[in-house]
Amino acid sequence: MAATDQICQVSIRTADRETDVTLPAGIPIAELMPAVVDVIGAPEFSGRDPHLIRVCGQRLDPEKSLVQSAVHDGELLILTTAARPAPITRFDVNGTVIDAIAALPEPTRRLIPPGAGHCVLGWAAVALLVLLGRAIADPGASRHPVVGAAAALLAMTGAVTARRTTTGQVTAVSLGVLAVVFSGLTAALLPLGPPAMPTFLVAMAATASASLLVWRLLGCATEVFLPLAVVAMAAAMTTMGAVAGCWPAETCGPILACGSVAALAASARLSILSSGLARARLADTDLETLARRVHHRLNLIVATAAVSAALGAAVTAATTSHPLLAATFLAIIAALLSLRIVRERDLCRIVAQSISSAITVTALGGLCAVTAPQSIPWLCGACALIAAGAVRVTQRGPVPISPAVRQVLSTVELMLGASVVPGACAAGGMFGGLAQIGSAW
């Protein structure tokens, strides 16, 4: 039975006694505590803030009355000054981990890096090129030109699709280059039979056509697709003379490389003449416009000539019958490209000539390794030296060149340039024909 509004009979227990008392039910418990301590006769509670608790340990609110605390008649209460021990907090590992993870901020960057797609694309392209191009190196392997054509068409479609987005220009250009490469590979896989020069001619013609087509479809990256088309056309023209019997096949590479070096030497003058900057009485606005045009065309000419020189070096290494003379010619081309890199200041031209120089040096190393296997340890040492020098230059940045060193480099470049034509003639086997001409007299 709950306490009435007048009185409430309860039992109050202390540490050594238990007392039955009758208390007013409507007065706050805090006002009753002094009288309760006096009635029970427990002096140890004086001045120590005593309070009442239930048997279960629940403390009665001192601001409430017995009625408000729902104290029943005859209920046992405990008078104490001890504070209720804090409940034992059990550590929930799962809950803590879940809360900590939920409190983490949302990632601001993409879960998949932007370059991951390009890495997968590069891996797939290399795998396809190796699988399809194996038939070129191994005549007994089966050829799959249909697969190559499908890959070229797929890459071209992907390039056109990526070009429609605002951030997909790099992807579009990459796919466009792959479409050009697969087009040339597909043409090389056609069953034309021996010799190899007609196959190379068809491959270069397909590469040139695909480069122009992709360039017109994408409408961008003129510095990429136009040099590819021009280089492929130049290679096709030199190969056409060999196929027609006008000159031996081993002269195609030296002719292409020699013409490319000549274009590199005259690149600045060609860009100025083709843009009209040499005309007199030009306004300031015309000068600015033509200067930008000259810079753009200079990049195009240098990139085209550098790539063409590298292709000529590779063809020379693959078709020569005079390994020593061809290696000397390739060394001259590589040295010329390297010297031009030292004098360049534009990043586009530096990258184009660096790649061409690397291809030329690779062709030279491959020629030496095939014709003179005993030179492989020296080639490995040269590669390590080149790599160490490249890392050193990259860490230190551009090194200032004194005027005296520039004069020496100019002299060396002039001497190398003068030896390009004799080197090309020697690598093409033209000096061997002079002896036959002289013997007839």
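Just so you know, glycine gets a Cβ as well, placed from its N, Cα and C.
Tertiary proximity for the transmembrane segment (119-137) is limited to same-chain residues at least six positions away from its ends with a CB under 8 Å from its CB atoms, namely 143-144, 147-148, 151, 171, 174-175, 178, 181-182, 185, 188-189. The transmembrane segment annotation in TrEMBL covers 119-137 (among others).
TrEMBL lists 119-433 with the feature domain 'EccD-like transmembrane'.
According to TrEMBL, the feature transmembrane segment maps to 143-160 (among others).
Summarising the annotation, TrEMBL assigns transmembrane segment to 172-193 (among others).
Tertiary proximity for the transmembrane segment (199-218) is limited to same-chain residues at least six positions away from its ends with a CB under 8 Å from its CB atoms, namely 152, 156, 159-160, 163, 172-173, 176, 179-181, 183-188, 190, 192, 225-226, 228-230, 232-233, 235-236, 239-240, 243, 315. What TrEMBL lists as transmembrane segment is 199-218 (among others).
The transmembrane segment annotation in TrEMBL covers 225-247 (among others).
Among the features that TrEMBL reports, transmembrane segment is placed at 253-277 (among others).
Sequence annotations record features per position, and here TrEMBL assigns transmembrane segment to 298-318 (among others).
What TrEMBL records for 324-343 (among others) is transmembrane segment.
Marked as transmembrane segment by TrEMBL: 414-437 (among others).
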Q | Cβ-Cβ under 8 Å with the transmembrane segment (253-277): same-chain residues at least 6 beyond its ends | A | 234-235, 238, 247, 287, 290-291, 293-295, 297-298, 301-302, 304-306, 308-309, 311-320, 329, 333, 336, 340, 417, 420-421, 423-425, 427-428
Q | Residues of the parent chain within Cβ reach of the transmembrane segment (298-318), under 8 Å, 6 or more residues beyond its termini | A | 200, 222-223, 226-228, 230-231, 234-235, 250, 252-261, 263-264, 267-268, 270-271, 326, 329-330, 333-334, 337, 346, 348-349, 352-353, 355-357, 359-360, 363-364, 366-367, 427
